[in-house]
Amino acid sequence: MASTSNILELPLVAPIGSGTGKTSIRSIPVLGLGTAAFPFVDPQTFKEAIVNAIQVGYRHFDTAAAYLTEHSLGEAISEAISLGLIRSRDELFVTSKLWLTDAHSHLVLPAIHNTLKNLGLEYLDLYLIHWPLSLKPGSYDFPLNKDHILPMEFKGVWEAMEECLKLGLTKSIGVSNFSCKKIETLLATAKIPPSVNQVEMNPVWQQKKLREFCERKGIVITAYSPLGGKGTPWGTNAVMECEVLKQIADIKGKTVAQVCLRWAYEQGVSVVVKSFNKERIKQTVDIFGWELNPDELEKMDQIPQKRGNPGWEFIADQGPFKSLEELWDGEI
C-alpha cells in the first residue's frame, strides 16, 4: 500500500481548465471519495470517515446539495486542518452539484452560495449540473414527484454556471449524467465548455462511446459507482460478483474492488469511490504500482454490459423524457 507520505504524488488525470482563457488549469485527483449515502450516515460517523480519508491521503471529495452531506464535509475539512492533516483547504479538490430544483437560470447563483455556506468554503474546485433536467423550484421530495419534472433550459442554466466560474465561486464547471447528444446541445450555445462529465462507469458499464466522445471534446470523465453502486436504491451486485473480475483478482492477489479501480485508472478517468469503512478506504489506495495485462483487459472488455442506474425516476409522461431511450439518447 502506498504510504501517506507519497499519496499526494500519485498520478492525476488530464488537466481541467476554467475555459476562461486564463491560466487557472489544474488536475483532478484520480481518486475521490464520494459522500452520498443511502440510508443517510450519522454526521459523526461521516466526519470520522472523511478525516480518516484525508489522513490516508485522499484529496478529492465529492458531494452534492441532494446528498445533504455538504455541512458535515465542511466540518470534517475544518477538523482536518485543525489536526494538521492538511495546511489549508487549498490542498483539497472539492466537487459539489446543482440539484434539479435549482436548475433554473435565476436559482443557480443562490444555490452555489448556499452550497459554499454549508461547506464553510470560499470556493469549489468543480461545480456540476447533477442531471440534464429540472424540477419545480422548492420541491425537494424523495422519491421525486414526477408531476414536478420540467425540461432544463440548457442555455440559461449553463450561462449561470459560467457566471459562477467568472465570479470565482468555483474553479471549474461541468455536468453529470449527460449523454453525448446532451453535451452537444449544451456546447451549441456554451461560451465555456464543461470540464468534466461525471457518469456511472465500471467494468459492467464501460461507457466506451461516451468516453471517446468526451476525449475528443477535451472533457474529463469522472466515474461514479465504479464498484456497482451497492447500497444505493438502484445498486447492483453485478460488478462485485462478476466471475471474470473475481478470477483476475485472485491471480493478481488483489480485491475485486482494486481490480475495478485499477481498470478505471487505466482508462484515463478519475474515480469517485464511496466507503465509510476505515480499512476499505485504505484498500482503495492500493491501485498503483501494478497493472492489468493485455489478456486481462481483453477479458474485461468482453464482460456483458448493463447500465446499473437507469434513471427511471426521471421518466414521466408529461416530462421531457418519456422513456429511457430519450433520457440517455440511445446510450443504454
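Residue positions begin at 1 at the first shown residue.
Cβ coordinates are placed from backbone N, Cα and C, and glycine is handled just like the others.
Per TrEMBL, the features are:
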DOMAIN    31-303  domain 'NADP-dependent oxidoreductase'
ACT_SITE  Tyr67  active site, proton donor
SITE      Lys97  site 'Lowers pKa of active site Tyr'
BINDING   His130  substrate binding site
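Annotated features, which come from TrEMBL, shown on the structure.
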residue : record                               : Cβ within 10 Å
Tyr67   : active site, proton donor            : 20
Lys97   : site 'Lowers pKa of active site Tyr' : 29
His130  : substrate binding site               : 20
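Cα spacing between the residue listed as 'active site, proton donor' and Lys97 (site 'Lowers pKa of active site Tyr'): 9 Å, rounded to the nearest whole number.
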